[in-house]
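Novice: Below, the features straight out of TrEMBL:
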{"type": "ACT_SITE", "residues": "79", "note": "active site, proton donor"}
{"type": "BINDING", "residues": "142", "note": "substrate binding site"}
{"type": "DOMAIN", "residues": "42-314", "note": "domain 'NADP-dependent oxidoreductase'"}
{"type": "SITE", "residues": "109", "note": "site 'Lowers pKa of active site Tyr'"}
C-alpha cells in the first residue's frame, strides 16, 4: 500500500501549463521520439462493460465529444469500439466538425490473444481497418500476458493463458512503428519490474504505460520509475470506474475529495482530474453524459491548494481492479503479488 505521492515542483507544473495547447485548450504532454505527436492530457475512453454494450449509440456519443473539444480517443481490440470510433471520425471529417486527421490522437491496444510475434502486425492491420485510418498515434500491449490465439474476448478461459514472450512481441511492435502504422508504441498494466525487463532488450523504449491510477491508488513508485525512464504515465479509471464490473465507488464517495470539491465549487470528478494533471500524468476518462463530458474538460483554469494536495496525498491506498482474471494456479501468474510484482 502507498501512503502518499510526491508533488511536482511549481516550476514543473508551470511547464505543463504552458505546453503546446491543442483544440479547446487541452494541454499536451510531449512523447519521447521526434516523430511522435504530443499526447493530449485528457483522452475520451470508449470501453463500457459488457464490451460492445453501447455499440449502437457510441458513434453519436463520440461525435458529441468531438463537438465539445475532445481530440484524444482511447479504444482497444477487445472493447468492440474501434468500428464505431472509426465511423464517428469519418462522419466528423465529412461534416467539418474536425478539419483533419492530424487534429486527432488515437490510441488502440493489442489484445492478449494476438500478443504473439507473428500476430501483432495482422492485429494492427485489423484495428486500422476498423478505424478506417492509415495509422494510430499510439499502440499499446494491453496486458503483460498472452492468450492462446483466437478472437479478442473478455472474460476468457484461464486455461488459455500462456506466458508472453515480451522480447519477440515487442520486436513486432517496433516493426509496426518502423513502417508507420503507429506513431508511438507503449504498454499497459506493466509493473516497474516488467518495464525494466522490457527496457533491457527494447530498441525503441515504450513511450507510455497506461495503468490504473486515482487519488485512491496513486502509483507513487511506478510514476517515479516511469519519470526516470522518460515514459509517460497514462491513468485509466481516474474516477474509480464506478458502475463497471471492475470499478469501485471508493473514489467518488471519498469524504476528503467531497470536502475539497464542495470548497472549490467543483465536482469530485473535476477534483480527481485536476489532481492527476498536477501530478504530470495523462488520463482516460469515460462518461457518455453530455454535461459530465463537458465538466471533465473544465479543469485547467483553477488549481488545488498545497493543503488540499497534502490531504489527497495522505489518502489510504487501495487498488480498484486487482486483475484476478489474470491469475491462476496453472497459469503464468499464480498470485496477484506475482502478477503485479509486489506493487499492490
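The backbone N, Cα and C atoms fix where each Cβ goes, glycine too.
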Novice: For the recorded positions listed here, 109, 142, which shows the highest count of neighbouring CB atoms within 10 A?
Specialist: 109
Novice: Can you grab the distance from residue 109 (site 'Lowers pKa of active site Tyr') over to residue 142 (substrate binding site)? Cα atoms, rounded to a whole Å.
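Specialist: The Cα atom of residue 109 (site 'Lowers pKa of active site Tyr') is 5 Å away from the Cα atom of residue 142 (substrate binding site).
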Novice: Reported as an integer number of Å, what is the Cα distance between residue 142 (substrate binding site) and residue 79 (active site, proton donor)?
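Specialist: Taking the Cα atoms only, residue 142 (substrate binding site) lies 11 Å from residue 79 (active site, proton donor).
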Novice: I'd like to know the mean pLDDT over the domain 'NADP-dependent oxidoreductase' (42-314).
Specialist: 93
Novice: At a 10 Å cut-off from the C-beta of residue 79 (active site, proton donor), count the other C-beta atoms across all protein chains.
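Specialist: That number is 25.
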